[in-house]
Amino acid sequence: MIERIADRKFDLVSPYQPAGDQPQAIAKLTKGFEEGKKEQILLGATGTGKTFTMSNIIANLNKPTLILSHNKTLAGQLYGEFKEFFPHNAVEYFVSYYDYYQPEAYVPSTDTYIEKDSAINDEIDKLRHSATSALLERNDVIVVASVSSIFGLGDPHEYKNHVLSLRTGMTIDRNTLLRQLVDIQFDRNDIDFQRGRFRVRGDVVEIFPASRDDHAIRVEFFGDEIDRITEVDALTGEVIGTRDHVAIFPATHFMTSDEQMQRAIKSIAAELEAQLKVLRSENKLLEAQRLEQRTNYDIEMMREMGFTSGIENYSRHMDGRKPGEPPYTLLDFFPKDFNIMVDESHVTMPQIRGMYNGDRARKQMLVNYGFRLPSALDNRPLKINEFEQHVHRILYVSATPGPYELDRVPKDDIAEQIIRPTGLLDPKIEVRPVMGQIDDLVGEINKRVDAHERVFITTLTKKMAEDLTDYLKDMGIKVRYLHSDIKTLERTQIIRDLRLGKFDVLIGINLLREGIDVPEVSLIAILDADKEGFLRAERSLIQTIGRASRNEHGKVIMYADKVTDSMKAAIDETQRRRTIQEKFNEEHHITPKTIIKPIRAAISSYEQSDDDKAEAKKTFAEVDYEDMSKADKKELVANLRSQMQAAAKKLDFEQAASLRDTILELQADMS
């Protein structure tokens, strides 16, 4: 058993002081939480430094904090930023560790059973272990996570109870330690020394923790006593330092004792018997036979090996939970008084709310057709009301908060952050008639091209985007389109080429809202702005308008024959913010300047060595994949996988995620 250190302080390191609207937002939100308010909103316009505000609130409250993001890429960006702000504290990353995941499913219409298939990213698995071990060891922890944090993870009490606490001078037999390491899922391998393994050389045991990839723990025995504990470089064996005490956390989050396993097997067998009676009474003989055969095989594997493929479907029995009870998740590893901050809450909260129903629909089919026991339904993400039970303090962060947040938070508990430290204003907005819109747009594009600036155009359909691209090309304009049919890595290349000036106009649908940051864009044209719907709703329009707020000449033109309620709300909100920003700039004599953002290197189609980095090589977008031989395709995938792992190791999760998505697309083409 280990004791958690509870007196550490968050140490915010930054060359900047809060500026613009940041000081009042930080003070208001901190005071609100200290007064006992449970839910608040940080309504921050694009580019106002919301992450820095969040960091100051974390430092002020000094409580473990969970930052929720709606995808791995944005989680990776946040992780990098918080690591810079809190270099002396534990900033951790917790997302799904699957590079590829095909869930188990059954399609009755074609009688097709799809077996679970997955590939685990070892680097992300290491970071997940690092997050849970940090939460049990100390209080100054920030975990940046995706919605993976509301999926089942294993009982934190069992996980904590299985931690091995080793001290210098402790009396323990070497073989007893080896057995204990095996009990917590470490593998003995004296040759291939990796995470989650240990090796033995006489009276010396070396343990490679699951949460590390560089340092191992060397335990030296003198008889039945631990003589010395040292931290060593896992590759060279060089001693890093000596330790009086070390805690070895289990190599898996899903810890089960022998007693629990035997109890679970009995419980599974009893449920099987009951479910077989139900199926046979409904004359579902094929389903009953299938369920009996599959479940008995799983029980036998658990008896003999302590494990079976798909063991997570029996998690309710393993944990000793009652039917319908929520699973243990990452949230259970936090102490009760932790903070939650939800980034881009207008997207993240609907995602959290929708996870349960999507998972349930797929698994219900497996239960109905005899592939799984009903208890498999309890291996699931949290329902929204179960998530809410974990909330002690929660901050929703968004430029456009959603109805869920706005319904729960009084107006007085919303802190606005509108002023940008850079002085940049929200863009001017004009509404122009649809008649003659393309000719008008061509004239506006030419003005931007002459000024070496870029243009975004948003349409409603892929066909419209492609047709408009062809028309503008015929007019001599350098233009590309971007929509969901474009491969992941090609999208990154297209954005890079736009910034480099290889073309001037990018046409898209809804990919131009969150996550695309191009300071060179000074004009956004919104076609069919008066067509009410998801893509032209108030929140979507405000997010799209925000893409032009990085440039001092930012402007938005909406082409419409009437001003809809959504348009009016978006225009009024943008004008309100712009008025506040202009007044602030006047009072403080600030001149807005376009953000200067470096253009990152393209992802190449091969793994560069130190010797050939200077040589010109093809980028992935230039590779003609269709004409490659099967062997060349395999080599390309292998090279991209190496780059992905290297990017993850450097904590460049945005790059790693792009590479992962490309590998999956290429593998799908190969099959």
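Each residue, glycine too, has its Cβ placed from N, Cα and C.
Within the set 73-96, 97-120, 265-288, 361-384, the record from Swiss-Prot flags 97-120 under the feature motif 'Beta-hairpin'.
The motif 'Beta-hairpin' (97-120): residue composition by secondary structure is 3 helix, 15 strand, 6 coil, according to DSSP. Taking the Cβ of Thr48 (ATP binding site) as centre and 10 Å as the limit, one finds 28 other Cβ atoms among all the protein chains shown.
Listed in sequence order, the residues Thr53, Ala399, Gln417, Arg420 complete the 8 Å Cβ shell around the ATP site centroid, once Gly44, Ala45, Thr46, Gly47, Thr48, Gly49, Lys50, Thr51 themselves are left out.
Mean per-residue pLDDT, taken over the motif 'Beta-hairpin' (97-120), amounts to 83. Of the listed binding-site residues, namely Gly44, Gly47, Gly49, the sparsest Cβ surroundings within 10 Å are found at Gly47.
When the domain 'UVR' (634-669) is classified with DSSP, helix, strand and coil residues number 33 helix, 0 strand, 3 coil. Mapped onto three states, the DSSP output places Gly44 (ATP binding site) in strand.
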